[in-house]
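One structure is given below, encoded as structure tokens.
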Amino acid sequence: MTLPLTFSPEVAEARAAGAPLVALESTIITHGMPYPQNLDTARAVEAEVRAAGAVPATIAIMDGRMHIGLTGTELEVLAQADGVAKLSRADLAACLARGGVGATTVAATMICAALAGIHVFATGGIGGVHKGAEDTFDISADLRELAHTPVTVIAAGAKAILDLPKTLEVLETLGVPVIAHGQDAFPAFWSRDSGLPAPLRADSATEIARAHLMRSKLGLPGGQLVANPIPEDAEIPASTLAPLIVQAQSEADAKGVARKAVTPFLLNRLFELTDGATLASNIALVLNNARLGAAVARALTT
């Protein structure tokens, strides 16, 4: 049985030429923001990758196939679609088998990227250990995927709504390299400094690429997480966000929001509580990660 992979013309041409490729997720399009802002942002992120010298490969499941790179029409269809499944490792195969449509989370995007031979993936922030996980056991599949699938993930750290100390502990237990780019502190998505030190630091895309290649040579499974801090002019201080996150989490608990619905609920409430500031910061950090992702992809191909 052949893999149900469909490459966009742009990605197919890049693969044939050995050009640098950067995978992009699709959950940010379907679950991250409303239309048409989601479409505009997706186009802007792809343009940022191209401007930085690489080829973007936005990944989504459509008609039961893994689409590696989306055409302009496909991107627009996905941006306006309703009821799109949010796919991770557990439900990716089932969606493909039934010929469904789905947006890929960090974990699912990593799987598809690896199958397509793409080694770098730029996203906003990874999932992790949710607050209260000692009772709910709500831990994102993204963490184990980082330990399993050989893709370097460029993100602004883990989402600030999570339990960041526990997230870092789990990543350490799983043997995942956590590398802060250009600073010693582990960033917290909308904020440059979480108050926690990053285990590792790299100051250039070349260093990050070399670490990726060395892991492969050593036969070590999994990828690496590159924590790229949000640009200074776009950050929201952690001290400003902390009480709002507590409020949003309390509301989620009161409403019985659970499992995959938790993150979208919290992000939406924080958007409302900050009068849209979190969304503006989110867009800025994704664009920043796209630029670094392109630089790492270029370094891997030289």
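Note that Cβ sites are derived from N, Cα and C of the backbone, with glycine treated the same way.
Record features, source Swiss-Prot:
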ACT_SITE  Glu25  active site, proton donor
ACT_SITE  Lys159  active site, nucleophile
BINDING   Lys86, Val106, Ser140, Ala141, Asp142  substrate binding site
BINDING   Asp138  Mn(2+) binding site
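Taking the features listed in Swiss-Prot, we show where each one sits on the structure.
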| residue | record | Cβ neighbours (10 Å) |
| --- | --- | --- |
| Glu25 | active site, proton donor | 29 |
| Lys86 | substrate binding site | 18 |
| Val106 | substrate binding site | 26 |
| Asp138 | Mn(2+) binding site | 20 |
| Ser140 | substrate binding site | 25 |
| Ala141 | substrate binding site | 18 |
| Asp142 | substrate binding site | 27 |
| Lys159 | active site, nucleophile | 25 |
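Taking CA atoms as the reference points, Glu25 (active site, proton donor) and Ser140 (substrate binding site) are 16 Å apart. Comparing Asp138 (Mn(2+) binding site) with Lys86 (substrate binding site), their Cα atoms are 16 Å apart once rounded. Across the fold, the C-alpha of Ala141 (substrate binding site) and the C-alpha of Lys159 (active site, nucleophile) stand 14 Å from each other. If you measure from the Cα atom of Asp142 (substrate binding site) to that of Lys159 (active site, nucleophile), you get 12 Å. For Lys159 (active site, nucleophile) paired with Ser140 (substrate binding site), the C-alpha to C-alpha distance reads 11 Å.
Under the DSSP three-state reduction, Lys86 (substrate binding site) is assigned to strand.
Of the chain residues outside the substrate site list Lys86, Val106, Ser140, Ala141, Asp142, Ser88, Arg89, Thr105, Ala107, Ala108, Ile126, Gly127, Glu145 have their Cβ within 8 Å of the site's Cβ mean position.
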